[in-house]
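See structure below.
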Amino acid sequence: MYMLKLSYILLFLGFVKFSWQDKQVPKVSTFTGNIRGYYKKSRSDRLYEAYEGIPYAQSPVGKFRFQPPRPIKKWSKDLSATKKSSVCMQYLMTFTTHGNRVKGSEDCLYINIYVPVRNNRKPLLPVMFWIHGGAFQFASGNEANETLFMDRNIVFVAINYRLGPFGFLSTGDIVVPGNMGLKDQSMALRWVFNNIKSFGGNPNKITIFGMSAGGASVHYHYLSPMSAGLFKRGISISGVAFCPWAQTKHAPEKAKKLGALMKCRTDNTKKMIDCLQSRPARIIAQAVGDFMFWLYNPFTPFGPVVETYGSNPFISNSPINIINNGQVYDVPWISGVVSKEGLYTAAEFVDNAKLLWHLNDHWDEIAPYLLDFNYTIPLDQHRQVAKKIKNYYLRSGPINYDKVESIIQMMSDRLFNIDFEKAVRLQARINKSPVWTYYYSYRAEHSVSEILSGGSTTDYGVCHGDDIFLTLNSIISNVTKPQDLAMQQLLINFYTSFAIQGIPYIDEASWPSLNPNDPDFRYLHIVNFTNIKMEVNNNFANKSFWKTIPFNENKLN
């Protein structure tokens, strides 16, 4: 009898232990298999479920390097999703990088998903799908700090996608049409669309959002039939598909240069790619530095292309023609810029007298790469265009500290602002869905420019990325100043209100959607958390000047 009672007691204790352990490990069942995650706490100490390192595609290695992603196969055992995957193979492009600039792995196509504890919750939550920036060359979805977003009732998703030549090499033919990185994003989006219901997310309320190359990627998903129907709205932060750095020129020429650097024959595309597929990934990544003429400029040697070959292109026409032809996905869109976008990449040299002097002495040679017109202005006009731009923005005298503000404005206008207005105007004119625009000029205690410059704390204004990084970057978002905390919450409210309701709300400010027929450009100016207002500008980004430069870009057929 005693042994029987003991057996019951042990059985009961075992059941309790099993139940407790089971409760400590959140689980979901998806179409590709069961997943076990773990619990984390948000910034305000709210418990949420974390599932990190979920594969959404098969590993693109060996003969699958440079090829479109392949859907992930089902797994039979429970997948332990408690650790982030490796970042994608990349060449780091920041002054803070010391020693080896190459890091990552080709086996990197993974998703991280975060969701408030479900507790048998029935209403499905809106989903925010983050696409990281990094000039299509570096960074990772792993860097996204979700803890602030997990104070809200949304599901947060961050992805990795192939970068640099691994994600954006193009031979301009059937062998490697290109856009593998964008196709990775689309496959990840499809996996989320098909499986997010298991995590408590609503597949019909997915908001894609991204910054810089991530913002341009968001815009590209509006333009691709591959992604149509997989999301409900989007936010492009500091990047659109019209930006010069978001459209790769002379891609086959760059592919051959990479082949030559890897000592592969370049007279036969198929044999060149076979050779490149046999070369060590780290050596290929290291070669990205050979495509940058001055410092890290141009900063996007490998990026999106128009695919003229292949049976399943991501895009087969230029972004401007896709929109103008009415082939753009018609759902709401928000796009905005910050006041000093050009601090990327100007922060690398504006605090350095030696580099400014070098820029002064070699302006005519450097300008086509710094301002990304090397391929869109004929070679015999490079010097003339470089001088014209310099005379307008920098006037007379040497390039030195006195010209820093003008340099930043010049780079902001050319690389971000001009094409931002052009893109939102055209999309608002073609689509029925609303387009909202904003301009952000709040400088927090810390800035991305500190990272880009290698530690300089000089206040040159609001840098590219300062807005989103105040909410998503572990270093910058860990703020204590009351003003920064207030702005942080305002931005979180902005992003999540759009995801939840489909209309952006910023502290009760009046924010009408863009009227594309208005000759003046109107946008919401976020000055600080108490000063938010609509502004009008009839010469935004000095567009009257830039119209005089004959760039072979964003031309209608």
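From the backbone N, Cα and C atoms, a Cβ is placed for every residue, glycine too.
Look at Swiss-Prot and you will find 1-21 tagged as signal peptide, backed by sequence analysis. According to Swiss-Prot, the feature disulfide bond maps to CYS88-CYS108, CYS264-CYS275. Residues or ranges marked as N-linked glycosylation site by Swiss-Prot on the basis of sequence analysis: ASN145, ASN374, ASN478, ASN528, ASN542. Swiss-Prot lists SER212 with the feature active site, acyl-ester intermediate, giving similarity to another entry as the kind of evidence. Annotation source Swiss-Prot lists active site, charge relay system at GLU341, HIS464, citing similarity to another entry.
Recorded features from Swiss-Prot, shown on the structure.
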{"residue": "CYS88", "record": "disulfide bond", "contacts (Cβ under 8 Å, 6+ apart)": "GLY104, SER105, GLU106, CYS108, LEU109, SER140, ASN160, TYR161, ARG162, LEU163, PHE166, GLY167"}
{"residue": "ASN145", "record": "N-linked glycosylation site", "contacts (Cβ under 8 Å, 6+ apart)": "LEU472, ASN473, SER474, SER477"}
{"residue": "CYS264", "record": "disulfide bond", "contacts (Cβ under 8 Å, 6+ apart)": "LYS271, MET272, CYS275, LEU276, ARG279"}
{"residue": "GLU341", "record": "active site, charge relay system", "contacts (Cβ under 8 Å, 6+ apart)": "SER238, MET411, SER412, LEU415, PHE416, ASN417, CYS463, HIS464"}
{"residue": "ASN374", "record": "N-linked glycosylation site", "contacts (Cβ under 8 Å, 6+ apart)": "LYS249, PHE293, PRO298, PRO368, HIS382"}
{"residue": "ASN478", "record": "N-linked glycosylation site", "contacts (Cβ under 8 Å, 6+ apart)": "none"}
{"residue": "ASN542", "record": "N-linked glycosylation site", "contacts (Cβ under 8 Å, 6+ apart)": "TYR392, ASP413"}
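The Cβ of CYS275 has fewer other Cβ atoms within 10 Å than any other of the disulfide-bonded residues CYS108, CYS275. Note on the recorded positions SER212, HIS464, ASN528: the fewest other CB atoms within 10 A surround the CB of ASN528. DSSP assigns CYS275 (disulfide bond) to a helix in the three-state reduction.
A Cα-Cα distance of 22 Å separates the residue listed as 'active site, acyl-ester intermediate' from ASN528 (N-linked glycosylation site).
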